[in-house]
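Everything below concerns the one structure shown next.
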Amino acid sequence: MSNSPAFGKNKIELPQLDWAYDSLEPYISGKINEIHHKKHHQTYVNGYNSAIEQLIEAESQGDVKKAIVIQQNIKFHGGGHTNHVLFWKSLAPNSQNGGKHPGSDTNLGKKIIEQYGSIDNLISITNAKLASIQGSGWAFIVKNKQNGGNLDVVTTYNQDTVTDPLVPLIAIDAWEHAYYLQYQNVKADYFKAIWNVINWEEASKRFDSHL
């Protein structure tokens with residue numbers, strides 16, 4: 001690895017999870033979580049760090065064309081890392097209140113009722129958007145800082161992520177590696193099951209931090 005200050009500043013690491021791999025069962029198997037975290041997420045971390053190192057080298061050599069190509073890898077692997085960090089935070093076992101809807105006395109709960117009528121309706125809309133993703137991608141429940149703090153459900157393809165003014169509250173991975181070992185090609189069952197372990201408390205904190 002390069003010892004340059006720029007690389008050291010930009011290096012990322014695989015985060016530790018707040019729960020055991022098997023603690024989301026039966027909704028998401030421990031094996032899926034272990035492979036997803038240790039293998040897939042780690043690949044994005046390694047790819048990003050490698051691309052940063054290559055970029056520093058290309059810039060030091062004045063190789064603009066190479067630097068432009070490398071930046072695409074940085075975007076892909078950096079997006080993969082960013083999305084997965086939020087994905088893990090979006091999940092929690094039932095013992096940590098995973099799946100427990102935000103109360104009507106919370107700011108997020110009030111906003112959901114105001115815009116969607118019920119949390120179940122928001123979930124249905126999110127699942128419909130997840131099902132509409134062709135290939136690999138993500139769905140995010142977001143707060144729009146420039147639209148009166150209104151909520152929305154947006155999707156991205158591959159490892160594209162959301163940026164300002166959108167604040168991601170919940171991220172759901174629609175890549176096959178997130179569900180295929182357990183749900184095979186019936187991804188609708190995965191989309192339905194994951195809400196049993198969604199960390200609404202974390203979503204509420206993120207909502208409140210951008211009031």
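Cβ from N, Cα, C; glycine included.
Per Swiss-Prot, Mn(2+) binding site is recorded for His36, His84, Asp173, His177. The Cβ of His36 (Mn(2+) binding site) lies under 8 Å from the Cβ of Asp173, His177, Ala178, each of these being in the same chain and 6 or more residues away along the sequence.
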What is the set of residues, excluding His36, His84, Asp173, His177, whose C-beta falls within 8 angstroms of the centroid of the C-beta atoms at the Mn(2+) site? His37, His40, His41, Phe87, Trp175, Ala178
Taking the Cβ of His84 (Mn(2+) binding site) as reference, which residues of that chain separated by at least 6 in sequence fall under 8 Å from it? His40, His41, Tyr44, Asp173
Least crowded of the binding-site residues Asp173, His177, counting other Cβ atoms within 10 Å of each Cβ, is His177
